[in-house]
Structure formats: structure tokens, C-alpha cells
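Here's the structure, in C-alpha cells; my notes come after.
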């Protein structure tokens, strides 16, 4: 079993977006991820949570993936699912956020 974890300040993602614009977002997130996050009243907690999930997955693979290789989408149930290079993965992720922080854990059986 392999485990990865990440925690980030939500404000960090918001600042990066404001500083680098959509170029930053499109380097890190897929169109599907962006559509989901920007459907929220405040997209930054969701963006940060997905960023953490992607980082956690990259850590599971000991850095052999780029963050852009990983996509996090929600199943109809709301459960986050991991895709690696657009293929479904058996990695389980859990994402959580508070007012200031987001965190995610990734587990590969």
C-alpha cells in the first residue's frame, strides 16, 4: 500500500490565480475540473482541494507523474475519483477543507 498526503492554504491558490491568471489554472487543472470548481460560489476551496488531491497522488507515485497527469472528478455520488493520463485509477482519495486550508489523502492498494 502507498499513501500520499498534502495540505495547502486556500489563499495560496487564489493568489496564484490572481498573479498568473488562467494560465496557472490551465497548467494544473483540466477543463472538467475547472468547470466543477467554478460552478461553486467560491471556487478556491474546491480548486485547492483538488490541487491537494493531485499532489497526494503524485506523492504516491514518488514523483513519477506530473500534476497535470492527474485529474480528479466527482462520481454521481459526489465521491472524488482519480484519473491518471485520462484513465481511471484504483487510487482512493479523500478531500477536505476548512475556511483557510484544504487537505487530501491518496491511498493506492
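Cβ coordinates are placed from backbone N, Cα and C, and glycine is handled just like the others.
A quick note: this is a predicted structure, and the numbers were derived from the prediction, not measured.
What TrEMBL lists as Mg(2+) binding site is 6, 55. TrEMBL lists 3-106 with the feature domain '4'-phosphopantetheinyl transferase'.
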Integer mean pLDDT for the domain '4'-phosphopantetheinyl transferase' (3-106): 96
Residue 55 (Mg(2+) binding site): tally of other CB atoms within 10 A of its CB: 20
Chain-internal residues near residue 6 (Mg(2+) binding site), provided their CB is under 8 angstroms and they sit 6+ positions away: 51, 52, 53, 55, 56, 59, 103, 104
Helix, strand and coil residues within the domain '4'-phosphopantetheinyl transferase' (3-106) as assigned by DSSP: 47 helix, 34 strand, 23 coil
